[in-house]
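Listed in TrEMBL for this protein:
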SIGNAL    1-22  signal peptide
REGION    260-340  region 'Disordered'
COMPBIAS  279-299  compositional bias 'Basic and acidic residues'
TRANSMEM  479-503  transmembrane segment
COMPBIAS  507-516  compositional bias 'Basic and acidic residues'
REGION    507-598  region 'Disordered'
COMPBIAS  517-531  compositional bias 'Acidic residues'
COMPBIAS  576-585  compositional bias 'Basic and acidic residues'
Amino acid sequence: MMSWRWSKKILLTFFLLGVLLAGRGGASEDDEEVTITEEVVEEAEETEDVVYSTPRQIENAYVMETFDDLIAFEKKWIKSQAKKEGVDEDIAKYNGVWVLEEAEKMPLTGDRGLVLKSKAKHAAISVPLRKPFAFLDKPLVVQYEVNLQNGQECGGAYIKLLTAKDGGTDLKNFNDKTPYTIMFGPDKCGNDFKLHFIFRHVNPLNGEIEEKHAKASRPREKVEEPFKDKKPHLYTLVIRPDNTYDISIDQEVINTGSLLEDFTPPVNPPKEIDDPDDFMPKDWDEREKIPDPDATKPDDWDEDAPMQIQDPDAVKPAGWLDDEPEMVPDPTAEKPEDWDDEMDGEWEAALINNPKCADAPGCGEWKPSMIDNPNYKGKWRPPMIDNPNYRGKWKPRTIPNPEYFEDLEPFKMRPIGAVGIELWSMSDNILFDNLIVTDNTAEADQLAADTYDLKIMKLEKGQVGVFRRIIKYSNKNPWLYGIYVLLVAIPVVLIFTFCCAEVKDSKDAKRKKTDEPTEDDPHAEEEEEGDAAAGKAEEEPMVDAAAASEESPDNAESDSAKDGKDEEEKDEEDTEAKSDKEESQQRTSPRLRKSRRE
């Protein structure tokens, strides 16, 4: 059998082989990504001192904001001066307080965010894009961080991508009525947790605009977590020209679908609709079953019979105390000294259980127990039969939908000109950070690596950042999952082979483990006879020694009479003789003693 030492060497060899393959497999696609393992290890070793520096501006991005530069922020961002329509004057103003400051919990040195400091107030702020985003042949990528530092009771932390026309870029008057193209982000009130993705679709027939809501994100726990844990979370939306989209939280996709199929109401209306002028005929019978018109109530059917009656066989137990109440006034109770009959009413002692009823089967008026009435039938109803006039469930006829259209490219939405945050929240200290609108997912990933990942490393000592990067790298290189399966499967097979397989001992090995003869041993009898003879040979000297030791005291006594030895020497000789006997018996093996008994 192969030794365990060699098994460990084989396992180690396969493991190193898998690591080597994992390190080289993706080099042909992107040389920079191959170094991700080294970067992750280095960052994990430096979690105690995570160094942050403001990322350089991504020139191709439509907007990129880290909120680290107060002067640049004041130049670009515009606080709304509008008033909300249809509400009281006291709360109509958009007077929520916005400031730039570091996070309250373990901030990175030099890292600031946009914080909504007030609650129960309308707040609106926005920034124009460097140039409008047109939905043509490149994807739209929107990403930003949110940290609900005090949790969230009721309110949102979503953003709006404002339409580049129809007043969407009048940012000083930015309010809830300002036209937007997309709304994206978390929202909550009570137990209703949402992650909005809403886009406003233009009807190609009449130009009307209708909101389309994406299906709910899964898993639900992932959507709820940011409202409770008071940590930063990264929200990413990617919409592609092929009408597909992905929604991610913390770089994990939790919702994916199609603009054409996964929105309510759907982008395209049905080709046919029910005729609004079609009504069910009066003689149309939808009843599948009807009461039997020929059935009559039986003469002995008593609808007034009660459901329960007193048990006619019940007998009052012997010793029942009819004249004793179950509760009596407490004889030890005394009227309080400060009791005022005029103010408090007539004083009465508190009631206690009647002590006379303790040993009796019952007190007070005895009543028989109630049982189900065998004659009870309830209200009579005729049995149901098949309806001979049944014509099925009526449905109106369908007609072509006069408002039908087919838009196969809902991705081509109205262009975006600005990003706005318009909120009303019952929680304060909502922090927004590291906003980017781009057409390149790699740019969004790079910004997340330079900002969000560093925050997580500091908050969770690098573990979350390391595993997220490994998973992300594996998702970009799916062949790695094959290596992972191989690394797991090979050790399992080897362990099963070397540890769980049945080991058969040879006959010689069995003989080495025991002195018992085996059935197929032709020399077994000879060995047994030889052992018996050896035992007998050893037994005879032992018996002689024992006999000699028993006679030694008498001999010693006679010698002492002749030679004049003292009593002390005789005792020593006697003790030595007994010791020799015991040693001789101990040297006799159990096998010899067994042979002697036989």
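Positions of Cβ are set from backbone N, Cα and C atoms, glycine also.
A Cβ distance under 8 Å defines the sequence-distant neighbours of the compositional bias 'Basic and acidic residues' (279-299), meaning residues of its chain 6+ beyond its ends; these are 380-387, 389-394, 396. Within the compositional bias 'Basic and acidic residues' (279-299), the DSSP-based counts of helix, strand and coil residues read 0 helix, 3 strand, 18 coil. Secondary structure of the region 'Disordered' (260-340) per DSSP, as helix, strand and coil residue counts: 0 helix, 15 strand, 66 coil.
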